[in-house]
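Here is the structure we will look at.
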Amino acid sequence: MEADPFLGFYPNRGDNNVADGSPNLSDFSFTPFPEHQDNIEAQYTLDNSCQDSSLPIVSYTSLLLLDHSKSKKHKFHRCKTAPAMVVMPENLEKSNDPKPSQADSASLVRQAALLLVIYLSLGVSIYYFNRDHFSGLETHPIVDALYFCIVTMCTIGYGDIAPVTPSAKLFSCFFVLVGFGFIDIMLSGVVNYVLDLQEKMILNSTKMNHGDAGGHHVEERRFSPIDYVFDFAKGRMRIRLKVGLALGVVLLSIGLGTLVLYSVEGLDWIDSLYLSVLSVTTVGYGDRAFRTLPGRLFASFWLLFSTLMVARAFLYLAEARIHKRHRRIANWVLHRQITVKDLLAADINNNGFLSKSEYIVFKLKEMGKIEEREILEICKQFNKLDGTNSGKITLRRLLAGRNI
């Protein structure tokens, strides 16, 4: 009797005389345990000493049902234990490591423009004060110097202006090497920035025309022909459009060069097209070149722009081929049946089965989208946040890590 957990539910009858009759359900007054009422299945009698089998056995479950039938039903909803975001400190939502912004790319453009001005100013100055160290047809000292610097930096090498003295040749070697590296900086930084900016403008304009301004879909978009060239889900142009635009710019540059060579340099259409193609592809046989003042002034700007666009077009072509190959391999990996060897290799926890996260990591590694080194770095960062080695990052631990 002392160990009975339901002693509090016995009515106070004063004695244990069973002659008083069967107990009344109205005599029982109790409050159910809300935390355990679903798990308790207990039955008890009024007195262990009672031997009369005619006495009814009252179950605790039946008493609960009787009591609940009289009371009003309530629905209880579970609430999350995490605190509301309105009471969270403001600095918890702010990252200590800000994401690189577009301003970094803009500063790169300014730095590249400044370096280009310094590079060309140095080259023009050296050529201007040492004109007798170079051979070739002269038009204007400053225009010839600028033309020589651009032809050297773009690695075209017409040969119409060439160094003849040892000092001029050493200067040309240094100028070529610096210019070659400078082209890479401009190609990877400035051109990418300009193309990305143009891509963003085209995407925003297309979204506004299709009723998707601000990135909010008013209704589900239907597939249209424009989806072949724009990937709205990823927010970028498809590689086929980039290749098409780059090739279009190359053809436009060739056409513009052909027209200027025909009208300014006095070449026929075949020779104009021939020199234009050799110029934008940086071949430069040397049998044809710009010989007039307007032609060299035009070439100083046209060659710099056209050679960069041709290089970018070839990079887009290579990227398109690689992207197609990777997509084909990824599709094969995604639908390939997993083997026992794969299961053993993907079982990171060594528990004999694959979880969903382990399967995803294994497929990403097989597709080449993530490497083992990157996984180890992510795990190392997770271990820093999980100081108790519990395998979890809790809110309390996150708050403690930020000294809040």
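A Cβ is built for glycine as well, from the same backbone N, Cα and C atoms used for every other residue.
All TrEMBL annotations are machine predictions without curation.
Per TrEMBL, the features are as follows:
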DOMAIN    115-194  domain 'Potassium channel'
DOMAIN    251-319  domain 'Potassium channel'
TRANSMEM  108-130  transmembrane segment
TRANSMEM  142-162  transmembrane segment
TRANSMEM  174-195  transmembrane segment
TRANSMEM  243-264  transmembrane segment
TRANSMEM  297-318  transmembrane segment
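Helix first, then strand, then coil: DSSP counts for the domain 'Potassium channel' (251-319) stand at 52 helix, 0 strand, 17 coil.
Mean pLDDT for the domain 'Potassium channel' (251-319) in this predicted model: 90. Applying DSSP to the domain 'Potassium channel' (115-194) sorts its residues as follows: 60 helix, 4 strand, 16 coil.
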